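Novice: My questions all concern the structure below.
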Amino acid sequence: MVHFTAEEKSVITGLWGKVNVEETGGQAVGRLLVVYPWTQRFFDSFGNMSSPSAIMGNPKVKAHGKKVLTAFGDAVKNMDNLKGTFAKLSELHCDKLHVDPENFRLLGNMIVIILASHFGGEFTPEVQAAWQKLVAGVATALAHKYH
């Protein structure tokens, strides 16, 4: 179980309030599919993913990114119960979709990269540390049903 300090919670929620979920989610999932092309196998129904520009412009990638980051918002609201918050999604990704749990860690890193690019100097090392802790906690929670 991940424990967040009051300061970490404040830093995370403060930045989250400024995040454009649709834009950030689409960019994070798109970047995941470009940087780690083997992850594309889970998204056969998404249509044209023949090039980085096709992936980044794909409306289904953007829609899924929004869905992912909306769910990530639940983590921000429930930092003290990540495992419970993601129990159903963990089961879905493990039992039905058979997603490699390592992909959750990779996606978390993509989210951090996009946040850093969007917030520049505001995304200090302290802010990054708090967010890395959160995305790692979410990845662990999503991988829970695999154990």
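Cβ atoms here come from the backbone N, Cα and C positions, even for glycine.
Not my notes, these are from Swiss-Prot:
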type	residues	note
DOMAIN	3-147	domain 'Globin'
MOD_RES	Ser51	phosphoserine
BINDING	His64, His93	heme b binding site
Novice: Among Ser51, His64, the recorded positions in question, whose Cβ has the most other Cβ atoms within 10 Å in this structure?
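Specialist: Counting Cβ neighbours within 10 Å, the top one is His64.
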Novice: If you run through the domain 'Globin' (3-147) with DSSP, how many residues end up as helix, strand and coil?
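Specialist: Helix, strand and coil residues of the domain 'Globin' (3-147) number 120 helix, 0 strand, 25 coil.
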Novice: Distance between the residue listed as 'phosphoserine' and His64 (heme b binding site) at the Cα atoms, whole Å?
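Specialist: On Cα coordinates alone, these residues lie 18 Å apart.
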Novice: Could you give the mean pLDDT over the domain 'Globin' (3-147), rounded to a whole number?
Specialist: 88
